[in-house]
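Feature annotation from TrEMBL assigns transmembrane segment to C:12-35, C:42-61, C:67-93, C:105-127, C:147-167, C:198-219, C:225-242, C:249-267, C:273-291.
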Amino acid sequence: MNTQTITSSAQPRPETSSFDSDTQQLWLASGLLLITGIVPALFGNAYWEHSFQLMNIYIAVTVLQNWLFVDAGQKSFGQGVLLGLGAYGLAVASGVFDQPIAVGLFWGIVASAAGGLLFALPALRVQGFHLGFVTLSAAVVFPQLLLQMDDLTQGLNGISMPMRGLSEPLLLGVSTLSLLCTAAPIIALLFHYKMRRSRLGRRMRTAAESPEAARSLGIRPGVMSSLAFLIASVGTGICGLLFVPAVSFVTPQSFLMDVSFIFFFAVVVGGRGQLLGPVVGIWAVFTIPNILLVDLAHYKPLVYGFITLFVVILFPDGIVGTIEEFRQKKRKAGGGERAFHLTALTDWLSALPDHKAAAEDEPILTVRGATKRFGSVVAVDRVDFDLRPGEVHGLIGANGSGKTSLLNILNGFSRMNEGSYHFAGRDVSKATAPAIAERGLGRTFQTPRVFPSFSVWNNVRVGLDARETEMPAGLEQILREMEAEHADGMPTLLSHGQRRILEVVRVVLKDSPVVLFDEPAAGLSGEEREEFSKLVKLLSRKLGTAVVLVEHDLELVWSIADRITVLETGSVIASGRPADLVRDPAVQHLFVGGAHVDA
Amino acid sequence: MSMLDVKDLTAGYGDIPVVRQISLAVEPGEILLIGGENGAGKSTLLRAISGFNTPASGTVMLDGVDVTGQPPEQTAKQGLRLVLDNHRVFPELSVHDNLRLGQAAGRRDPDSFAKSLEQIHDVFPILKEKEKQYARDLSGGQQQILALGQAFVAQPKVLLCDEPSMGVAQMLLPPILSFLRKWAESGTAVVIVEQHLKITQPYTDRAIIISRGEVALECPSQELDARLADYNATRMASASHG
Amino acid sequence: MLGDLLMNLDMITTIVLRGAAVGSLFAIIAMSFNIVHNATGILNFAQGTIFLLGAFGAFLFANRAGFAVWIPMLVVVSLVIGLFTAAQGWLTLKPLRSSVEQNSWIISTVSVSVIIAAVLTLNFGVFGNMVHGPVPRVSIMGVRTPGAFLLAIGSMFAWYFILRWFLRRTFQGLAISALSQDFEAARAAGLDVRKLQLLAFGISGVIAGSVGFMVAPMISVSPDAGLRYVLNGFVAAVVGGIGNNTGTLIGGPLVGIVAAVTAFYIGGAYQDLASLLVLVLILMFLPQGLFGRAAARKV
């Protein structure tokens, strides 16, 4: 048995994470924003001061769009609408109806949140290009509506609303407005930075990267995307509030389709998901063309259209992303990755006392008469299935015999047409996957769901994020070591087998009394198979975890299962202890050369 | 020189290796049977040979030409035709149109199409009877026949056949296998991947068994039964000790 | 009394005709979406500005022309736009091979749409241009109807049947259908996937461009009009079920009539808002569309 210890744990953890350069990018971006926001005012240059105020508001909007696009996986072409709703909310309430500014601010936020709801509601149901079209439609419709509802918006004339007090110098000639406009994108960046490092942020991104994996961890992807839209909407609406004093008046012309395109394109050109991206992106598609084409305003859309097309085809990672990738490559050439091992975890498990679960315990999971049809095909046909705490239950059968379909019923991905399903004392026949996951069921997938945008440690951590129970004392120390070890690890450098092991650790940390493994041994090396078998045995013996194991590797199943069920065309054809089953013709059938074609 | 010559092929999905260092060769007129349990890597092997997965290393030579890593539509045009498992046809097209599309991988010439069509209709009259029906309305076995017929129209040099028995009623298997036998004897190199070895083995010349992505044994087909019995006996013995 | 009723009838006929004609355009855009979507899985956001290119073709080369000029120009303009769209397809499909980001096509098709609109604006300004076509007005149920309305409705059916014939009878068409039914089996059978996808892009360009050319007299030929058509075309496609051409025959006119009724009773500026609300409602309650087949769920 392989018991090599990890020698690198003695290394001190680097100050800043080198998995990503978020921290450096945050500093760099904030520095640039401070310079552009403050320096022109120090020199009393009113033109640049004003230009950079607007630019920095745009950057703040783009930062939120970047977060929405990458960290929450939602594509929106309508951020200009939300900016406009914030601005018009304030301008209509305070500029037209003479309400106090505080009331105006309130209405601005309400208006942008309401607009966000229009995006958020369909996001509960659909994804991808559907939402692209919804948001694009909104961006087309919004200026039309502003013109049409002229008793509120004063139509094409717009609403003039100078707020001179804000432009008075406050400190060294810098006005309150300039400070606010500089603070807005920095706060947005901090939000993005902090969100990435929070449980909610990780769960949102998990939902964006793999909705199935998210649901198996108790996350509801629709809720996550709606919430992301709402947060980004309110944030963008707040930028809209700042837009009013920065420009002194609002007209429908300020919120045409082009504005929304600029935000979206800036994200792409700057580099999707890069913290510094929005700053560089707005400079590239908005500020520089504005300066260079000051007399040729009509050429602006052409220029940013071409820049974006050029970037998406030649440098899909954007400006910052391409530089970042270059740096990462150099780093990769430098040092090797640390392998991901289970040794610490299995050692800890081995030291635990045996779990008191006994074979005569009540089943934790009971399925009766489960039937699942897809059209005329019966994938699962009146299956009865029991699982007791601590039991390792192998599920075998030919391709298409219904193993994965049954697994999907157990974790709630698909709902039975008939039959009942009780789990942990409750009827969950109609429960959703996240609800079943929350009651304590975990699963892995045929292709491991490992997220390249997370470090190795964060990939494991999404399991911890889903944990509902207290952490046992000994485990915390192991996790600290694992964090020190893998906080910077790039999952793309892990071998396939290690990714599987990583996914297994994730499910173990979620602390699930029941774990479903879907072909866990496929692609594992001999050594990794050993490691995996040992872990499964320890889980059942020490933690009392009940395991369902769908696996083609019959030797592996025979060596670790307490009970084996054989499926054929959706029905159970045999079930029993491994030793008893080995001579069963139904099982012989599955061994190579043992297959007779029965009538 | 063999018609199909595979050397040291390692391949998988993305960077997941599923088959490692597999070599095999098939002559014109010969049927090679590849067996192995579910998940052993049989389908992956065929998909890597035909170009669906790019091999990580190794070479695939087709009639002396290196086709390693070419996309499947290109290898098909050069005369290597994969028939996928699960009797996959184009469900919303008629039986006749499915056969018609078979020409994509061969010459598009009405005369030779008419001739191939006639030959297939002779062997499987059902395809003539149901000519105008949608392929989705055929039974699994009929769809498998249709998929093979579509490949036959292309007159490939090498035919790779992934689990022809899957979803096919038992009574249809002997005619399908003897069709493949006759097809091979006309000078085509045929590879059949199959789990149902007993029924397939008599129609084939040589056999390879794959386990966990590697060649576990290789022998003439008539020795397969005996060799497998030994092989399984050793394996079960070691499993019950593990 | 009778006079009122007749006037009402006239009005209803006018609204329905107008809605159906405009809706036919949405249906045609939806069909041009479908052929590309079925072959590639992509929805070309530039389809609206491509449609508009056809209308600008009519404005430039066939304004006030008789049939003798109009018909040859229609053919030439449609083919050129078809080639242009195939080139766009080539560009769009290019990064998909290597990039990790699978949604690059959304960005590249949107940016192409922006570029076309920007080029048109530079050359023709932002305002609408009037185009006169050779098809005269006709009287339908006593309502004088612009000839372009009939062209719109007629070309919806014409393209529907041409596509049906193409996709079910010709070798290339069958091959494109095969791509959408089983992509892997199509590749195994040796179908030239990339060429067929470019052909699908080209055909979608010919469809949108030819109809844009023919109906130029009934639309506002201005650079920013493209977005309106791409969005409403998308709504029509979603209502009919994406990928389903028969669905567009209902989806298109339905969206057109909703827009026409909104324009009549509430105001022209609310038409697109009405379509947006239709889209949101359909997505929330019938995401597969009225006629879309529920895809079997795969995990």
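Just so you know, glycine gets a Cβ as well, placed from its N, Cα and C.
Note that the structure is predicted; figures quoted are calculated from it, not measured.
Contact between the transmembrane segment (C:198-219) and the transmembrane segment (C:273-291) is not supported: fewer than 3 Cβ pairs lie under 8 Å, counting only residues 6 or more apart in sequence.
Among the recorded stretches C:42-61, C:67-93, C:147-167, C:225-242, C:273-291, the one sharing the largest number of Cβ pairs closer than 8 Å with the transmembrane segment (C:249-267) is C:225-242. For the transmembrane segment (C:67-93), the neighbouring stretch richest in Cβ pairs under 8 Å, chosen from C:12-35, C:105-127, C:147-167, C:225-242, C:273-291, is C:105-127.
C:225-242 is the stretch from C:12-35, C:42-61, C:105-127, C:147-167, C:225-242 with the greatest number of Cβ pairs below 8 Å to the transmembrane segment (C:273-291). The recorded stretches the transmembrane segment (C:12-35) and the transmembrane segment (C:147-167) share 3+ CB pairs below 8 A when only pairs 6 or more apart in sequence are counted, and are therefore in contact.
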